[in-house]
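Feature annotations, reproduced from Swiss-Prot:
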BINDING   CYS20, CYS24, CYS27  [4Fe-4S] cluster binding site
DOMAIN    6-244  domain 'Radical SAM core'
Amino acid sequence: MHRRVITFSKNAFLPLTTVCQNRCGYCCFRTPVREGCVMAPTEAIRTLEASAALGCTEALFTFGERPGAVPGFNEMLGRLGYADILDYVYHLSLAAIERDLLPHTNAGILTYAELDRLREVNASMGLMLETTADVPAHRNSPGKDPAVRIEMIENAGKLSIPFTTGILLGIGETEDDREESLRVIADLHRRYGHIQEVIVQNFCPKPGTAMEGAAVPGPDEIGAAISLAREILPADVAVQIPPNLADASRLIGCGVNDLGGVSPLTIDYVNPEHPWPQLDELRRIAGDAELRERLCIYPQYIEKGRYSPLLEPLIRRLAERIAAPGRDAGA
């Protein structure tokens, strides 16, 4: 009998800007254009170098959606020498590759052409679907229109980009909405074969936001959503939970087979009140299962060659490194 495997990625989390065109009712990440709203290139490079020294394999670039739509942002970025946020993330992706880190970008809504450009320097990319429902929390967030998000996930499939998506629980959606969201994701994967993993993420209320007093999903509700995801999604799509946002050890038996990216250096800037578990805690969460490190591009996509030629030497080198005999998971 094969031992169950739970995977994770060792990453660096780089929030390139907190400026965002959306105003979601549950978000504490967004800020206006102001001093310090852009991660300085020197800080980004220091973070990449320190993370590589700690054995990380992934550089997770996250930033607010369409920050250039917010007045004053592009002028501020221009003073750093970049025309727009995509120029900046492209430059830092190259810097990550040079330091033996595989880039994964989560940028919010991107056009087909923008996805195609970033595909050259990213091993994988992501966009949370969140929900197919029209919920009040997204009333002031044009980028959270479900049709717009589905179109981007589909475009990523057309471009054969290994992709992460997911659902967000507790933002005003119903159980039927969750099922519909998962079926949409499953259908996109059956058509394009590009969804690596689906995150089942629970909403965490933030002080000072419109939803600070909203009810949160309990463990049974989260577990039921995980089980539903495992039932609906194709077998080759991983079901992931963020191990810092819920009682992961209680949920692991519901169908979870991935614990996402965790960092030995950087915090979760979207949920800063929830620290990442470190390796010993991940082992405890995995229980009797084998805890196995992975890259941000899953093995089946490496085998299929679904990556830019620029990334091939690094992908091969890192895949060999994490598979080396005697290497402890995450060492």
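Heads up, the Cβ atoms here are built off N, Cα and C, so glycines get one too.
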For CYS24 ([4Fe-4S] cluster binding site), what residues in its own chain, 6 or more apart in sequence, show a Cβ-Cβ distance under 8 Å?
ARG30, ALA137, HIS138, ASN140, SER141, LYS144
Near CYS27 ([4Fe-4S] cluster binding site), how many other Cβ atoms are within 10 Å of its Cβ?
18
Using DSSP and collapsing to three states, where does CYS24 ([4Fe-4S] cluster binding site) fall: helix, strand or coil?
coil
Determine which residues of the same chain, besides CYS20, CYS24, CYS27, have their CB within 8 A of the center of the CB atoms at the recorded [4Fe-4S] cluster site, and list them by sequence.
ASN22, ARG23, TYR26, PHE29, ARG30, GLY64, GLU65, SER141
